[in-house]
Amino acid sequence: MVVSNGVATKGVLEAQGVNVYYGSHLAVKDCNISIPERRVVAFIGPSGCGKSTLLRCFNRMNDLVSIARVEGRITYHGSDIYAPSVDPVGLRCSIGMVFQKANPFPKSIYENIAWGAKLNNFQGDMDELVETSLRRAALWDEVKDKLKASGFSLSGGQQQRLCIARAIAVQPEVILMDEPCSALDPISTLKIEGLMHELKEQFTIVIVTHNMQQASRVSDYTAFFNVESVDRGAKVGSLVEYGPTEEIFQNPLKESTRDYVSGRFG
């Protein structure tokens, strides 16, 4: 449950008692978090704290890692996404993902957007879908006259927005972003941040970022993860504190959160 203005609401995505293992190594322990609808939620914390690992559980990308194992319960609109009846590919149509490094397909700009829609048997006007998706990603004006050009011909920032447009085109409800600006210049980063403000009117966004200033600028809620050493030097990540971004940055409840957001470690 998420509490906003004193009112509790059920999250679009919820993790309950989630543990994530890679082989015998516990990477994330006992995570409980609720992601509210049409908000931006930022995951922050030092390297190795499990924020990207948990993010990838939300659309079962960790299924692609043979030694990964998830315990506990993760629900999407109340339904267990790890239930045997759930098709991971179909789930990823509803819960899209944008990765740290832009990864356009080796196709034209147009086909980068249209490809996923075709695979999902889109029956509408493809030209309209491509234009709408590119407009939502704030890229249309820059590429409208070269839609047949390769996606690789774009700058790094444009490629990342192309990947966002590609995710939008399959009409998800949730967009997961794993450090989408880490390889971008400041101007491209600001464009992506502005885009997130616009996209949350229609989409729920969860972003992993090492940039605390970015988290404070773009998110409505912030989750702070930390890492601790356990037996024989192994490290495990966990969720320390979660709440409205203003509270996390200005009046955190936990000392470790205060130390991290003030730059004392990380």
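Each residue's number is its place along the chain shown, starting with 1.
Glycine too: its Cβ is placed from the backbone N, Cα and C atoms.
Under the heading domain 'ABC transporter', Swiss-Prot lists 13-252. If you look up Swiss-Prot, you'll see Gly45, Pro46, Ser47, Gly48, Cys49, Gly50, Lys51, Ser52 marked as ATP binding site, on the strength of sequence analysis.
Annotated features, which come from Swiss-Prot, shown on the structure.
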residue: Ser47; record: ATP binding site; contacts (Cβ under 8 Å, 6+ apart): His210, Val227
residue: Gly48; record: ATP binding site; contacts (Cβ under 8 Å, 6+ apart): Val227, Lys235, Gly237
residue: Cys49; record: ATP binding site; contacts (Cβ under 8 Å, 6+ apart): Phe225, Asn226, Val227, Gly237, Ser238
residue: Gly50; record: ATP binding site; contacts (Cβ under 8 Å, 6+ apart): Val20, Ala27, Val28, Cys31, Phe225, Val227, Val236, Gly237, Ser238
residue: Lys51; record: ATP binding site; contacts (Cβ under 8 Å, 6+ apart): Phe43, Ile44, Gly45, Val208, Ala223, Phe225, Gly237
residue: Ser52; record: ATP binding site; contacts (Cβ under 8 Å, 6+ apart): Phe43, Asp178, Glu179, Val208
Let's check the environment of Gly45 (ATP binding site): how many other CB atoms sit within 10 Å of its CB?
26
Remaining residues near the recorded ATP site, that is with C-beta within 8 Å of the centroid of the site residues Gly45, Pro46, Ser47, Gly48, Cys49, Gly50, Lys51, Ser52:
Thr53, Phe225, Asn226, Val227, Gly237
Hey, does DSSP put Ser52 (ATP binding site) in a helix, a strand, or just coil?
helix
